[in-house]
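See below for the structure under consideration.
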Amino acid sequence: MAWPKLPAPWLLLCTWLPAGCLSLLVTVQHTERYVTLFASIILKCDYTTSAQLQDVVVTWRFKSFCKDPIFDYYSASYQAALSLGQDPSNDCNDNQREVRIVAQRRGQNEPVLGVDYRQRKITIQNRADLVINEVMWWDHGVYYCTIEAPGDTSGDPDKEVKLIVLHWLTVIFIILGALLLLLLIGVCWCQCCPQYCCCYIRCPCCPAHCCCPEEALARHRYMKQAQALGPQMMGKPLYWGADRSSQVSSYPMHPLLQRDLSLPSSLPQMPMTQTTNQPPIANGVLEYLEKELRNLNLAQPLPPDLKGRFGHPCSMLSSLGSEVVERRIIHLPPLIRDLSSSRRTSDSLHQQWLTPIPSRPWDLREGRSHHHYPDFHQELQDRGPKSWALERRELDPSWSGRHRSSRLNGSPIHWSDRDSLSDVPSSSEARWRPSHPPFRSRCQERPRRPSPRESTQRHGRRRRHRSYSPPLPSGLSSWSSEEDKERQPQSWRAHRRGSHSPHWPEEKPPSYRSLDITPGKNSRKKGSVERRSEKDSSHSGRSVVI
């Protein structure tokens, strides 16, 4: 029986079909992959074979690059190989590069890792996919997927996949991260100091001071610039400056500057000095200074503590200290050089006895009034005691009676010619000072307070000389003699005793005694006078003229 002849195409198909079914074919999805350090990656690989799957062996090999595709890409040799159609990263012998077995698996068994990958997280999944967890620095190279199937001798048993690890990029990222960390630390440090704040990033180290207020920073900056430019712009220190509450300001230390702040004319006119070659001032500084000056209220009253401290003007010496010290002003009597020593002694004693206690605080004008009466002193010395006695008898008819009664009631008193100068005529309503013996017995008594009438008349006679003697009631008289006292009738003496001055608490007021005494007694009398002046000054709290 003869077989029919088949056409030629069918004959070729029948002969090629068994050969194609018995061959091995390996395929990969990507021939080149990029990955960073410590990342995970899956290298896809698949195959077709006629052999049994349990007999197929999958092997992944690693070969390093001949030339690095990253660092050597712009080299001349690399570019020349690319121009010739070659692959300079993989076109070299295996003895010129490093070759390692990564993993191997037979059938569906567990993969076996290579010697250099025993501690790595690497596995083979699906048919032939390689999974690498945490890519390392030395994983940068070419990976070959090789399939071994028994009985398949033809075909392409392996495929390559380039794994490019961007380790240089990771290094750059690490460096940048370190710089960012330092910058973050610096930012947090700046945020903790608001006056030097440089950004507005919220930091975990100091969350309470983050997001610096722009107005506070600008105010602080303007104040520092104003303090730096203040001494250059003003010729004199700003005693009445805007910052009254500042401790550096000298405003509270000068009480004269606090006088009449509400009056525009009381403000000191401070000259402005023209400065040359000064750096330009920012507009913000000028605007801030103008705003502060507009808000300045010069008529604002002083705080109560400053009013209490500087309520009255003080002298130059007292203004240097922290407390106002009350001082007594003591004026010595003027010296008369044309008199003899005995006359100067007696006159100074009379001036000490006859100087009244001032009834108001001491004034410089009152102190100057002592020097306006040199003619009055000379007139007293020229006229003598006799002329004063004659005038006293002519003006006062009852003077002779009082003269006699004083001699009857008191012991004999001897007056010198110079001591009788104290008996100048004056009004009978002025106060007078007692002599030493009654004063010693009554030194503890407070002086009586003058009546309003006496104060008014004494104020009217303030410019009169102080060396006058008051009226001597109840028969005490420095002009009396023994004969006048004998001629005085008893009824007159009794009448004078009954009608003594109501200002004296006792019946017999103190009397003047003679000042013609020994030097020892004179010194004791001076001491008593000085003690009396000190005691009166301590009682009154006012100045005393000695």
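Residue 1 is the first one shown; counting continues down the chain.
Each Cβ is built from the backbone N, Cα and C atoms, and glycine gets one as well.
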Taking Swiss-Prot as the reference, Cys145 is linked by a disulphide to which residue in Cys21, Cys45, Cys66, Cys212?
Cys45
For Cys145 (disulfide bond), what is the secondary structure state per DSSP, taken as helix, strand or coil?
strand
Chain-internal residues near Cys145 (disulfide bond), provided their CB is under 8 angstroms and they sit 6+ positions away:
Val26, Val28, Leu43, Cys45, Val58, Thr59, Trp60, Ala128, Leu130, Asp158, Lys159, Glu160, Val161
In the topological domain 'Extracellular' (24-167), how many residues does DSSP assign to helix, to strand and to coil?
21 helix, 61 strand, 62 coil
When a 10 Å sphere is centred on the Cβ of Cys45 (disulfide bond), how many other Cβ atoms does it contain?
25
